[in-house]
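Undergrad: Okay, these came from Swiss-Prot:
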ACT_SITE  63  active site
ACT_SITE  105  active site
BINDING   43, 45, 47, 64  Ca(2+) binding site
DISULFID  42-131  disulfide bond
DISULFID  44-60  disulfide bond
DISULFID  59-111  disulfide bond
DISULFID  65-138  disulfide bond
DISULFID  66-104  disulfide bond
DISULFID  73-97  disulfide bond
DISULFID  91-102  disulfide bond
SIGNAL    1-16  signal peptide
């Protein structure tokens, strides 16, 4: 399933807030955003199950939970407005749904930046088949 998602992202040119989320990650981590995290651990990328493998994976778990609480728009396809001011990400939408999506992405990007020391290459390209522990609740 995750393979299909990454192919879809490549084919559609990373539209909507996925590219915006990637931009936020780039600014907060200095990494190549989405592609540094797309297959990381049990929760970074499409879907997720099991126990987050480390603090970086937990950022993705919390992000998934946040997206799950958004009502009124599709978080992965919505385009919102945001800016960078003095190194901070500022969400600027009046639409409550778009603002919520932006806040989910903002918090995750900050979380990635704060937890870069936990990023472990052994969790890159991690298979969901290895995520066997019981899933946590949001």
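Placement of Cβ uses the backbone N, Cα and C atoms for every residue, glycine included.
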Undergrad: Can you tell me which recorded positions out of 43, 45, 47, 105 are within 10 A of residue 66 (disulfide bond) by Cα, answering none if there aren't any?
TA: 105
Undergrad: Could you name the residues, excluding 43, 45, 47, 64, of the same chain that surround the Ca(2+) site, i.e. Cβ within 8 Å of the Cβ centre of those residues, in sequence order?
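TA: My list of surrounding residues reads 42, 44, 46, 48, 60, 61.
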Undergrad: Any idea what the Cα distance is from residue 73 (disulfide bond) over to residue 102 (disulfide bond), rounded to a whole Å?
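TA: Rounded to a whole number, the Cα-Cα distance is 12 Å.
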Undergrad: Starting from each candidate's C-beta and looking 10 angstroms out, tell me which of the disulfide-bonded residues 60, 97, 102, 104 has the most other C-beta atoms.
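TA: When each Cβ's neighbours within 10 Å are tallied, 102 leads.
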Undergrad: Can you tell me how many other Cβ atoms are located within 10 Å of the Cβ belonging to residue 47 (Ca(2+) binding site)?
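TA: If we count other Cβ atoms within 10 Å of residue 47 (Ca(2+) binding site), we arrive at 12.
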Undergrad: Between residue 91 (disulfide bond) and residue 45 (Ca(2+) binding site), what is the CA-CA distance rounded to a whole number of Å?
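TA: Residue 91 (disulfide bond) and residue 45 (Ca(2+) binding site) have their Cα atoms 23 Å apart.
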Undergrad: Using a 10 Å cut-off between Cα atoms, which of these recorded positions sit near residue 42 (disulfide bond): 60, 63, 64, 105, 111?
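TA: Checking Cα-Cα distances against residue 42 (disulfide bond), the recorded positions within 10 Å turn out to be 60.
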Undergrad: Take the Cβ of residue 73 (disulfide bond) and count every other Cβ within 10 Å, whichever protein chain it belongs to.
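TA: By my count, 18.
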Undergrad: Going by Cα-Cα distance, which of the disulfide-bonded residues (102, 104, 111, 138) sits nearest to residue 47 (Ca(2+) binding site)?
TA: 138
Undergrad: CB neighbours of residue 66 (disulfide bond) within 10 A?
TA: 19
Undergrad: Which has the fewest other CB atoms in a 10 Å radius around its CB: 44, 138, the listed disulfide-bonded residues?
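TA: Selected from the disulfide-bonded residues 44, 138 on minimum Cβ neighbours within 10 Å: 138.
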